[in-house]
Amino acid sequence: MKQFSVAIDGPAGAGKSTVARKVADFFGFTYVDTGAMYRAIAWKALQDGVDINNEQAITALAESLHFELDPKGIRVNNLQLTDEIRTPQVSTLASTVATMVGVRQVLVKKQQEIAQIQSVVMDGRDIGTHVLPQANLKIFLTASIEERAMRRYKELLHKGLTADLKTLQEEIRHRDENDQNRVHAPLRQAEDAVLVDTTNRSLEQVVESIIQLCRHQMGVME
Ligand code: CDP
Ligand code: CDP
């Protein structure tokens, strides 16, 4: 079979990364977490004291970073990044750097290069619309805002951290609005994407239905 690509987009907490990772593992494809790249830039800017609103400086920072895919998270300039890029502060700042056209150009190029040489399941906000417009399968994953906030809440509890559900919901709502209303590559369902609402569905059910959709598309390719 030729290389196969699956694009998974959707709002925060819809289950994109969890589902994408499982589908990639099932088929032996590479999972590409594009959100981690935007998060890593925001985190590095914080570390180095770069002004997050200075588009030129943030774009130069994005150009200077070397990203490597890693099963545990992402490696940036040889540094493994995991929980430090998942804080609410980094989430919000990632959404700010993601509005910058220069940053998007740098990352989209890197993401397209990865998909040229291997089969991928790639998740993000603009994968079906901009990064992989020719993807073999496009999924738009969503769930109600209450459900998405509750999932994040449970994740934090699981890590032994406390959180306020209302604050989490507000953070997600604000980030979704930012992502949907920005000028460059806003979060949109691609016309040819399959809408999957995960609100009342288990992770296993969602993964199974996407595996079936992949199999169907693979059959079409043969
Ligand atoms: O990547 P995204 O922000 O879209 O979501 P995630 O980081 O994968 O988080 C989703 C959380 O909801 C994880 O803890 C999943 O186990 C859980 N979950 C899910 O992804 N899908 C369901 N149908 C039910 C729960
Ligand atoms: O896991 P979660 O859905 O909360 O966020 P993420 O996928 O890690 O993405 C963090 C932020 O990066 C998003 O809120 C977007 O602003 C931005 N992003 C983007 O603009 N385009 C992508 N392809 C991926 C993420």
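Backbone N, Cα and C atoms are what each Cβ position is placed from, and that goes for glycine too.
TrEMBL does not curate its annotations; it predicts them automatically.
According to TrEMBL:
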BINDING   G10, P11, A12, G13, A14, G15, K16, S17, T18  ATP binding site
DOMAIN    6-215  domain 'Cytidylate kinase'
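Note: the ATP site is recorded as G10, P11, A12, G13, A14, G15, K16, S17, T18; in the same chain, V19, D123, L141, A143, R148 also have Cβ atoms within 8 Å of that site's Cβ centroid. For the binding-site residues A12, A14, the ranking by surrounding Cβ atoms (within 10 Å, all protein chains) places A14 first.
Each of the binding-site residues G10, K16, T18 was scored by how many other Cβ atoms lie within 10 Å of its Cβ, and the smallest score goes to T18. Screening the binding-site residues G10, A12, A14 for a C-beta under 6 A from any atom of ligand 2 leaves A12. K16 (ATP binding site) falls within a helix when secondary structure is assigned with DSSP.
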